[in-house]
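Trainee: Got a structure for you, questions after.
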Amino acid sequence: TPFQEESISDLLKKHTRLKLQMSNDIYSTYHLYPPPQLSEIKTTVVYPATEKHLQKYLRQEVYLIRETGEDYKNITLPFIQSQSFSIQWVYNILEKTAEADRIIHENPDSSNGFVLIPDFKWNQKQLDDLYLIAICHRRGIKSLRDLTAEHLPLLRNILQEGKEAILKRFGVAGSQLRIYLHYQPSYFHLHVHFTALSYDAPGCSVERAHLLSDVIDNLELDPQYYQKRTLTFALRADEALLKKFQEAGKA
Ligand code: G7M
């Protein structure tokens, strides 16, 4: 986790062991062994983990895919429909059977409403790595690919109310937030990521993140934008979807 400003001085004195690596003029590098209270590692446990979880966290080669609208219909969609990666944790949040006390904001409308909640990657102790997700109440919107002009009211609510709620609770202005969707997401129930602009959050790279404000603009220009467009994303070497693209001669 990021260091708190107050603890930086402790890091350089109290109980810290330093082993010199090299020294040159005014420059030197060390191995530093911080005391336990300053060496917290935020940990997520997935238990029991499925084969898909294991794959997600194994280091692997990655390959870029260019998915046309047709590829989505012929390859990706049938693949997603054949998979059974549980999104029970999402329903638990929407139904308040898990994490209910962590909800930051809710618009309860069943078609244009959502729940804003800290992502479990964020421990909420410091704003440096601020990370929240907005999960829509409406079921059946799998991803960016499903979005049409019909979803604009929902997307505008998430953008507007999400920014307001984060300003009110955490004092961080909308201009200091990166607000985006993943394509592809890991979980196929529409959700939007809110991260601190100064934080390089995992998954905010150009081949995965789509800014919500750009998504709204694109849908205003063309209601079918995301059904037509070729979308780029990376797949890991032993992902079954990569094999499907390879079999179709597309990767
Ligand atoms: O867009 P994508 O599907 O890749 O992102 C899902 C996001 O949901 C990630 O940023 C995860 O860290 C977050 N997330 C995943 N799970 C299983 C949970 C959870 O149980 N609770 C919360 N609060 N966030 C989660």
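The backbone N, Cα and C atoms fix where each Cβ goes, glycine too.
Keep in mind that what you see is a predicted model, and the values were worked out from it rather than measured.
Pulled from TrEMBL, these are the listed features:
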BINDING   W89, E99, D119, K121, 182-193  substrate binding site
ACT_SITE  H191  active site, nucleophile
Trainee: Counting Cβ neighbours within 10 Å across all chains shown, tell me which of the binding-site residues W89, F188 comes out on top.
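Mentor: Checking each of W89, F188, the winner is F188.
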Trainee: Which binding-site residues of S186, F188, V192 contact ligand 1 in the sense of C-beta under 6 Å?
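Mentor: The ones that qualify, in sequence order, are S186.
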Trainee: Could you give the Cα-Cα distance between D119 (substrate binding site) and H191 (active site, nucleophile), in whole Å?
Mentor: 11
Trainee: Could you measure between Q184 (substrate binding site) and the residue listed as 'active site, nucleophile' for me? Cα positions, answer in whole angstrom.
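Mentor: Checking the Cα atoms of Q184 (substrate binding site) and the residue listed as 'active site, nucleophile' gives a distance of 12 Å.
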Trainee: Determine the most Cβ-crowded residue among the binding-site residues Q184, S186, using a 10 Å radius around each Cβ and all protein chains in the structure.
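Mentor: Per the Cβ count within 10 Å, the most buried is Q184.
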Trainee: How many other Cβ atoms sit within 10 Å of the Cβ of H182 (substrate binding site)?
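Mentor: Excluding its own Cβ, H182 (substrate binding site) sees 18 Cβ atoms within 10 Å.
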